Amino acid sequence: MATNAAPTAPVCSAPMKATSNGAFQKENPLDFALPLLIVQIILVVSFTRLLAFLLRPLRQPRVIAEIIGGILLGPSALGRYQKFLDIIFPKKSMTVLDTLANIGLLYFLFLVGLELDIRAIRRTGTNSLIIAVAGISLPFILGIGASVVLRSIVNKGVSNIVFLVFMGVALSITAFPVLARILAELKLLTTDVGRIAMSAAAVNDVVAWILLALAIALSGSDSSYLVSVWVLLCGTAFIVFSIFVLKPILSVMARRSPEGEPVKELYICITLSIVLAAGLITDIIGIHALFGAFVVGIIIPKDGPFAGVLIEKIEDLVSGLFLPLYFASSGLKTNVATIEGSQSWGLLVLVIFTACFGKIVGTVVLAMLFKVPFIEALALGVLMNTKGLVELIVLNIGKDRKVLNDQTFAILVLMALFTTFITTPIVMAVYKPARKGKPYKNRKIQRQDLDSELRVLACFHSTRNIPTLINLIESSRGTRKKGQLCIYAMHLMELSERSSAISMIHKARKNGLPFWNKKPGDQNQMVIAFEAYQQLRSVVIRPMTAISPLNSIHEDICTSADRKRAALIIMPFHKHQRVDGTMESLGHSFHLVNQRVLRHAPCSVGILVDRGLGGTTQVIASEVSYSVVVPFFGSQDDREALAYGMRMAEHPGIKLTLLKFTPKPETALNPPKADMGAESKKDNEIFSEFLNLSKSSESVKHEAIAMGSREDVIAALRSMSNSTLFLVGRTSPAMPLSDRSSDCPELGHVGSYLASSDFSTTSSILVIQQYDPSINAMEKPLDDINEASNKTVSNGV
């Protein structure tokens, strides 16, 4: 009797176990899911960070490094060695890697939704809205033509409508987070180009997600269009449910998280669980789990600390560890080797040309119709051509749904990489907005016209600096009716690679540079403190915010000072005093900021060593009782410090003491005075002004001290160690006052000694450098213009 052989079942590899028993049990840890995943994460994160560091001189956003890193780890480069893929990225591990990458992507899209303020989009001007629509429409239409060519040559057998929509979306997207970071990096946030680009990109972002939802709904495995209609209807129902059910729940939690109190851990847990549940619902509907997370992020109230705390809780883990895995996952699917032959490379050029032509031409034409100059319109078009993470999401979904084959996928990934890479260099080449303001002459505190307005740019890093700054302003306002004091209070904020940095960028306002805080009812505690003081005193205070990387924030400071015609920039010292009296550094980057400002400032600069001037709270005018000391050795910086002290002496609560050091004949000054005669004449002139002031005011006095050695200087300074504030010239011709070499050359010899913990724990110090165009090469051409303008413009401010 004949028997029929049973068909052989396909052999499936056993699933990977989670953990190994260890190498001593003769087990390879890389054969188990958890150890292998750890190796993959370390490799991906390290490799992409290295690439980001190498690309930093080219001012490229980190997303470029992550895309390139993913491609290099995939079959296009390192993955060409099959052994590497088998060991590090075996096929049986990809499910775990992709799952973790998508969890990270889910929460990252939640962060993107948190950053996107629908109210700002509703306030978008008509011009920006029309430019955004043009920047989407033309590339979408051109994408139809490109899709016809690609489908006929390399992407056969796919539904024409589905492929058309995916191509249109891929070519018309603008990456809002990447664009915002490029604008901040190039300091274009507050230019006309930057404002239009931000508004148009925000609109583009929302439209892109709507188009992507449409594309996903059409790309289901069921060819029936009725299914696509049901998917879209259910997606719309989910959005309605989110607005009318989820939003009130989230709003209640946000209202119960007042400013100044920690957000309850239960609220954080509930919100993050809602994100997962929303992702599950949209995945069941068939429009991908990412949409649910994105919608939840959008509907969370942006007022109050709730949204900010959510960002702080998850952004570092998501952006730092999980998100690079998604780029690696995309890179492992990208095989550049599939683009071979002149025909394939010609298609790549066609796609890049279509994407650039559609975005740039569509944006430029509409912008010029609204009377935007051609150069600005061109820069705007190039900026709107920026791609990023959303582009990769579209392409990956298209590949997973069999809409894009390997070659089309590789072509579109390279297109996204190329268009984003060229954005920064092209914009830098074609668009160079004017950075300097009109020439002005009052760049110093010391001046002939004492009744002119004194403008000061006072910078601070945190609320810690504000009481001292306000008390210093109160002491400086004088009693002149004409000589008003105008303060620009600038909050310095570091633009990091974190997602929350993008939400900081949203604070940009129309006027000022970098930008003003003019939002009615702004709850920023720092703004409130200055505005409250302004209402009580005859001082004009205008709060500002500068958001830049620390290595270039000095450009914002110096440019703002020039455009606002400041005579003095006050910078916080990079160290703050601890409870035990010792000085603790905020970081070397803050130290370098001060040094760069001193080199490039267009006016005088003061470095404020804060030891609680007036205490930790604002002092009312009637209670001001400060003793101010000016050590005077004779130099232009000392003259500037004395001029500031003489202005402060007008306040009835200020007692000013001048310590006039005169070297004994045998004492050598260090450094020696250049042009001794001219300097001595200027020193004598301001000293004569001081003597006249002291005759009319009992609160002003001076002491003459013969200086034979540094011990004489130290003894004189120590006798005044109980004083409230020291005003010191940075380059005083005094010898070093300490045996130890100073790590703070920006303070000078005297300032370094006074700032040391050995001297005092209660006296604040303001180290002043007078503006000198011969030292600052950047400002010298401008000063030449000033000299010419001063002959024709009198008393200009």
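Quick reminder: no glycine exception, Cβ is built from N, Cα and C everywhere.
Taken straight from TrEMBL:
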DOMAIN    45-427  domain 'Cation/H+ exchanger transmembrane'
DOMAIN    484-621  domain 'Cation/H(+) antiporter central'
DOMAIN    625-772  domain 'Cation/H(+) antiporter C-terminal'
TRANSMEM  32-51  transmembrane segment
TRANSMEM  63-79  transmembrane segment
TRANSMEM  99-116  transmembrane segment
TRANSMEM  128-149  transmembrane segment
TRANSMEM  161-184  transmembrane segment
TRANSMEM  196-219  transmembrane segment
TRANSMEM  225-246  transmembrane segment
TRANSMEM  267-300  transmembrane segment
TRANSMEM  345-370  transmembrane segment
TRANSMEM  377-397  transmembrane segment
TRANSMEM  409-431  transmembrane segment
Chain residues outside the transmembrane segment (225-246) and at least six past its termini with a C-beta under 8 angstroms from it: 213-214, 216-218, 274, 278, 281-282, 285-287, 291-292, 295-296, 299
Cβ pairs under 8 Å between the transmembrane segment (196-219) and the transmembrane segment (409-431), at least three: no
For the transmembrane segment (99-116), distant same-chain residues with Cβ under 8 A (at least six beyond the ends): 37, 176-177, 202, 205-206, 272, 275-276, 279, 289-290, 293-300, 302, 307, 310-311, 314-315, 318-319, 321-323, 325-326, 328-329, 389, 393, 499, 502-503, 506
Chain residues in Cβ proximity to the transmembrane segment (161-184) (below 8 Å; excluding those fewer than six residues from its ends, i.e. six or more beyond): 61, 63, 112, 115-116, 135-137, 139-144, 146-147, 150-151, 155, 194, 197-198, 200-202, 204-205, 208, 211-212, 214-215, 218-219, 351, 354-355, 358-359, 383-391, 394-395, 398, 403-404, 412, 415-416, 420, 423-424, 427, 495, 499, 501-502, 505, 547-548
Closest-packing stretch to the transmembrane segment (63-79), where packing means Cβ pairs under 8 Å, from 128-149, 345-370, 377-397, 409-431: 409-431
The transmembrane segment (345-370) versus listed stretches 128-149, 377-397, 409-431: most Cβ pairs under 8 Å: 128-149
Mean of pLDDT values spanning the domain 'Cation/H(+) antiporter central' (484-621): 74
